[in-house]
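Taken from TrEMBL, the feature coiled coil applies to 64-98. According to TrEMBL, the feature transmembrane segment maps to 32-53.
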Amino acid sequence: MKNITDSFLCLGYWPSAGSFGFNTDILATNPINLSVVLGVLVFFGKGVLSDLLDNRKQRILRTIRNSEELREGAIEQLEKARARLRKVETEADRFRVNGYSEIEREKLNLINSIYTTLEQLENYKNETINFEQQRAINQVRQRVLQQALRGALGTLNSCLNNELHLRTISANIGMFGAMKEKNN
């Protein structure tokens, strides 16, 4: 048992009690560091992303509510216009002999303007909703892409060891030398 302990002490895995030093074993320290960094990112990043999404949701809901209020106002205008239309129709019955064609034109113009206003309000509501949805989707995509890139860099850095690093450098130097010879 003493020989096994001595061999671990010689390899640097088990530092002796009371001494201070750096642990140069990448395989032992990187998972700890990565777990701490990932834990901090998840702990703090989840709240930020959640707040951003909640804010975006509230803005979209507010926009939808505003659009609904505009729609309700347009419906009220339509009801008023219908009441006015009924009034105009009553007047048309009384003045049918003298001004029937002019009253009909006014009626059609009134209906067309109300429908045009309703279409414009509906289009505005739909455009606003689509714009806010696209904006929210784009922000979420950017956040997800940033997190994916961070994860990929973390994975790449954790997988890269000295031997692989030296092979990559040698291969790049070889390709650079081949390109230089090709250009000459």
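First residue shown is number 1, and so on along the chain.
Quick reminder: no glycine exception, Cβ is built from N, Cα and C everywhere.
Remember, TrEMBL labels are computer predictions, not curated facts.
Within its own chain, the transmembrane segment (32-53) has Cβ neighbours under 8 Å at 136, 139-140, 143, 147, 150, 154, 158, counting only residues six or more beyond its boundaries. Across the residues of the coiled coil (64-98), the predicted structure has a mean pLDDT of 87.
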